[in-house]
Ligand code: ATP
Ligand code: TZP
Ligand code: MG
Ligand code: MG
């Protein structure tokens with residue numbers, strides 16, 4: 001059975017501490033997929049919610065000190081209850097504050113999967129890569145080598161997205177070439193992806209790497225179909241159709257269009 005089917009059958013609760021830009025889009029995307037979103041950041045309840053969830057997704061997009069404490073409380077509770085944790089280090093490297101917060105988060109909890117653009121992942125592990133706000137800048141470094149280095153350092157799955165996506169646990173590496181450039185013209189597609197990874201991890205039974213690779217490929221195929229259906233319209237129509245496809249894409253059509261390559265080490 002595909003992880004996609006497991007997500008839809010299990011309807012996992014996904015606890016999100018996320019940014020104000022993408023909260024609604026992320027909740028709707030998770031619902032469309034077949035997961036159950038819970039957006040909550042109050043210090044009084046985040047540990048309880050993390051403990052009862054199938055996954056916790058931490059996103060630093062609109063960061064402040066209150067949210068950092070929420071993330072520490074939720075992440076530590078998730079670790080105590082063996083709940084997988086996804087970190088989206090939005091804008092790491094853009095400011096010292098963001099970079100330092102990501103270092104604090106990864107040092108005080110065990111992350112299960114780190115998902116970011118290449119610049120963000122580089123800065124989480126102390127490397128350099130140009131960044132413009134929350135978007136990756138140009139660079140000519142070896143993305144696969146960076147992902148492997150980050151995975152070994154953080155002992156987690158690392159997902160670097162862009163035109164092609166790299167997913168690795170440091171030993172086995174997949175490259176996913178599904179997706180569509182229009183994803184870069186809708187805000188929050190990276191953030192929703194991190195939440196979708198959380199839903200797949202929740203339904204994975206511990207097969208983190210394989211579930212993450214399927215999540216990336218599924219997401220990319222949904223975007224390809226949505227882009228094709230709305231190519232005469234604009235990005236607003238794409239955004240709506242993308243939510244439709246997260247719900248409508250079947251495991252059979254997904255399997256036909258999936259482009260996942262396992263790299264030889
Ligand atoms: P950034 O802020 O740098 O855009 P992000 O957090 O929004 O980063 P992306 O790297 O844009 O995250 O990844 C979000 C989704 O968009 C992923 O599924 C990725 O595969 C897809 N994607 C990004 N760029 C392209 C592209 N040029 N062509 C196809 N798919 C892309
Ligand atoms: N500003 C702060 S968070 C955010 C913006 C525009 C959303 C970023 O979303 P994504 O998924 O990284 O494009
Ligand atoms: Mg993007
Ligand atoms: Mg992002």
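Including glycine, each Cβ sits where the backbone N, Cα and C put it.
These figures come from a predicted structure and were not determined experimentally.
Taken from TrEMBL as is:
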BINDING   39, 188  substrate binding site
BINDING   115, 161  ATP binding site
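When the binding-site residues 39, 115, 161, 188 are checked against ligand 1, 161 have a Cβ within less than 6 Å of one of its atoms.
Local packing around the Cβ, expressed as the count of other Cβ atoms within 10 angstroms, is greatest for 115 among the binding-site residues 39, 115, 161, 188.
DSSP classifies residue 161 (ATP binding site) as strand under the three-state reduction. Among the binding-site residues 39, 115, 161, no residue has its Cβ under 6 Å from any atom of ligand 2. Each residue contributes its Cα atom, and for residue 161 (ATP binding site) and residue 188 (substrate binding site) these two points are 13 Å apart.
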